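Taken from TrEMBL as is:
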- Arg16: site 'Transition state stabilizer' (SITE)
- Lys21: site 'Transition state stabilizer' (SITE)
- Arg153: site 'Positions MEP for the nucleophilic attack' (SITE)
- Lys209: site 'Positions MEP for the nucleophilic attack' (SITE)
Amino acid sequence: MKDVGVILAAAGSGSRMGQDKLLLKLGGYTVLQHSAKAFASCPDICAMVAVTRQDLLGKVRQQLEELELPFPVQVIPGGKTRQQSVAAGVQTMSGKAKFYAIHDAARPLVTAEEIASCLADAREYGGACLSVPVKDTIQQMDGEGFLELTPPRDRLRCAQTPQIFDAAWYRAGMAEAKRLGLDLTDDCQVFRLSGGRVYLTPGSYTNLKITTPEDLPLAEGILAQREQESNTQESNTME
Ligand code: CTP
Ligand code: MG
């Protein structure tokens, strides 16, 4: 069923990277292109709306056109905060979309399998988010820099994207956030304002978000390893 609309959030300023991180190349494609391309093999996608900065509209449009994705792609300006950017994407998205798959353009390494398993959970439960167990102990600090709270680690998860939601419920959550004057950093928080539940689909540590300069060699390494693995598989099947 082609009823999933992808909202690609690409309107950030990359302040922690110190440059436009989405336009950096990893192998043959930019970070933005990898993130969009990951959805190409998902047969359920009906449309993509990429939300970006006003000054990048032309570049982003061109880079996405180059990919010749198998669904219509629109590129529109985003907002000051992530919630405003996603809301702009929702307003532009085709009414054919019964689910919204919201994805950080800064997560270029998400795989088709991860997207498929998140979507299967969203269809079953109404909302789903890829996430992984936290590796480190998390500390909450008080206002003076001292340890205030150490939450038990076994139930803590790091949120990733895509996060996939029933469209009508997500829009209800958006309306509620607006009514309450909330600006939330995570789309699950918006969705939950509708009363919907979010299943935490087990993801993979390789679906990292390109945030600081240290993330680039890590991402390059993961991509190179994947390429090597697929080459080995190819040569094995040829033998
Ligand atoms: N994003 C967006 N609109 C905003 C802010 C962020 O669409 N107003 C997007 C980013 O482009 C990114 C994703 O949300 O793909 C996750 O955000 P983050 O990693 O924080 O990216 P930036 O906000 O660009 O980086 P920074 O916080 O370091 O400035
Ligand atoms: Mg940010």
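Heads up, the Cβ atoms here are built off N, Cα and C, so glycines get one too.
No curator has checked TrEMBL annotations; they are predicted automatically.
Taking the recorded sites Arg16, Lys21, Arg153, Lys209 in turn and counting surrounding C-beta atoms within 10 angstroms, the largest count is reached at Lys21.
When Cα-Cα distances from Arg153 (site 'Positions MEP for the nucleophilic attack') are compared across the recorded sites Arg16, Lys21, Lys209, the shortest belongs to Lys209. If you take the Cα of Arg16 (site 'Transition state stabilizer') and the Cα of Lys209 (site 'Positions MEP for the nucleophilic attack'), they are about 12 angstrom apart, rounded to a whole number. DSSP classifies Lys21 (site 'Transition state stabilizer') as helix under the three-state reduction. Cα spacing between Lys209 (site 'Positions MEP for the nucleophilic attack') and Lys21 (site 'Transition state stabilizer'): 11 Å, rounded to the nearest whole number.
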